[in-house]
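Chemist: Handing you this structure, nothing more for now.
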Amino acid sequence: MIVLVTGGARSGKSALAEKLTLRNAESAVYIATAEARDDEMSARIAHHVARRGTGWHTVEAPHDLAAALEATDGQGPRLVDCLTLWLANCGSDADIGGLVDVLKRQRDPVVLVTNELGGGIVPDNALARDFRDRHGWMNQAVAEAADQVWMAVCGQPLRLKPARENDDFL
Amino acid sequence: MIVLVTGGARSGKSALAEKLTLRNAESAVYIATAEARDDEMSARIAHHVARRGTGWHTVEAPHDLAAALEATDGQGPRLVDCLTLWLANCGSDADIGGLVDVLKRQRDPVVLVTNELGGGIVPDNALARDFRDRHGWMNQAVAEAADQVWMAVCGQPLRLKPARENDDFL
Amino acid sequence: MIVLVTGGARSGKSALAEKLTLRNAESAVYIATAEARDDEMSARIAHHVARRGTGWHTVEAPHDLAAALEATDGQGPRLVDCLTLWLANCGSDADIGGLVDVLKRQRDPVVLVTNELGGGIVPDNALARDFRDRHGWMNQAVAEAADQVWMAVCGQPLRLKPARENDDFL
């Protein structure tokens, strides 16, 4: 079972992902891709840790996310928070296809958090456009492999996959 | 009855909010949080006033939105347009929790307009990131208290709350 | 039949629009509004051409989209990719009302791709804000005339129009 949770900044993605991860479990593995490089990032991480509370075992995987997934399969549901930071950490070395292959092999559930980055005006600089492009392709590839895709908006969950009554349209 | 209407810039949020406000009423109170500080903002306000037409009584509340809500309870449905400008006007003094408490006490309906700000790439400067964070938390807090949450996209209404058939998923 | 497909950058809009265009047809007309002015844009165009494959006849219409629609009516379904570039190419000369009138007169189906541009923080410069405003109004006008409106998120289709069970709300 692969679940992707997307949404804008401060849309309630992580809280929704935590809820989905613990649907049928009392504890879970939290796979953190963030690196606490500065005070702002440290504060964001502390905020998330405080909300999660107990019942979570944390594994840090800023770069080798595939290995962390393989190593934790069998330990119950995993929450990966988040794909955006993983892609940023890996730069152009990110092996998105390899990650999707590993995801498909997992026996225990994996819930992954990502971001909506493409909804604003076109960024001025080419590096930002390139990251936005690769990020969008990553989101599409993981969503294609996922059993469920959700978007958080104002903290409210919107289910995108499985879709509702689209069959007569598509 | 608390209704939150979100959406991107020029997505048709205000028109949707006006329609929702007048569902069961012929007149309503318009609580404006905008301040006409420059020509561009004056033009935006004039555009909205022209579209609303008659049947609206306008109250200005760029800062003390809670007091405006208390003062107008009993006068029929209210439309607050918009929370984003209220938060910007109040700066770090904004009492979001206090606003939510007042909203929950209202007997007449309140429809509130807000914005989706978190869907683009991460802003370069820390002030914009901080505003985006506080704005997202505000949206989540008001949506949590709301009976209905809508998102306007290309002028089309998408209902987020009450959610559709999610019960077997969440 | 008019179909509008919106979504953020790299959200899978074009692939969804191609699928919708070919629902009941084996070939279609691709009306391209892009101009290959630099290497980056050339690469984006080549990427789209490669994905579309055979079965498409391409017509270029960076400015006079209405004429291209009139000229191709009777040749089967048309895919316009995309309205955002058309608006940018035309600048303030863009005749949105005229385009909508022409769309309503078409006998063969037209699928149009556009973008969600209004979901980020407010742009710093007035030109970007002005383009974002006009773009949003264009999206609303075309969506109002459309029989179907879809949003792509992470490559997943979300139907906005016809809406689901909103009748008891709106």
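Cβ from N, Cα, C; glycine included.
So TrEMBL says this about it:
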- C:His48: active site, GMP-histidine intermediate (ACT_SITE)
- C:Gly7, C:Gly8, C:Ala9, C:Arg10, C:Ser11, C:Gly12, C:Lys13, C:Ser14, C:Ala32, C:Thr33, C:Ala34, C:Glu60, C:Asp81: GTP binding site (BINDING)
Chemist: Checking interface proximity: list the recorded positions among C:Ala9, C:Ser11, C:Ala34, C:His48, C:Asp81 whose CB sits under 8 Å from a chain A CB, in sequence order.
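Modeler: Correct list, in sequence order: C:Ala9, C:Ser11.
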Chemist: Give me the largest Cα to Cα distance among C:Gly7, C:Gly8, C:Ala9, C:Arg10, C:Ser11, C:Gly12, C:Lys13, C:Ser14, C:Ala32, C:Thr33, C:Ala34, C:Glu60, C:Asp81, the residues the record lists as binding GTP, in Å as a whole number.
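Modeler: Pairwise Cα check on C:Gly7, C:Gly8, C:Ala9, C:Arg10, C:Ser11, C:Gly12, C:Lys13, C:Ser14, C:Ala32, C:Thr33, C:Ala34, C:Glu60, C:Asp81 gives a maximum of 23 Å.
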Chemist: Which residues in the same chain, at least 6 apart in sequence, have a Cβ under 8 Å from the Cβ of C:Asp81 (GTP binding site)?
Modeler: C:Ser14, C:Ala17, C:Tyr30, C:Ile31, C:Ala32, C:Thr33, C:Ala34, C:His48, C:Val113
Chemist: Quick check on the recorded positions: of C:Lys13, C:His48, whose CB has the lowest count of neighbouring CB atoms inside 10 Å?
Modeler: C:His48
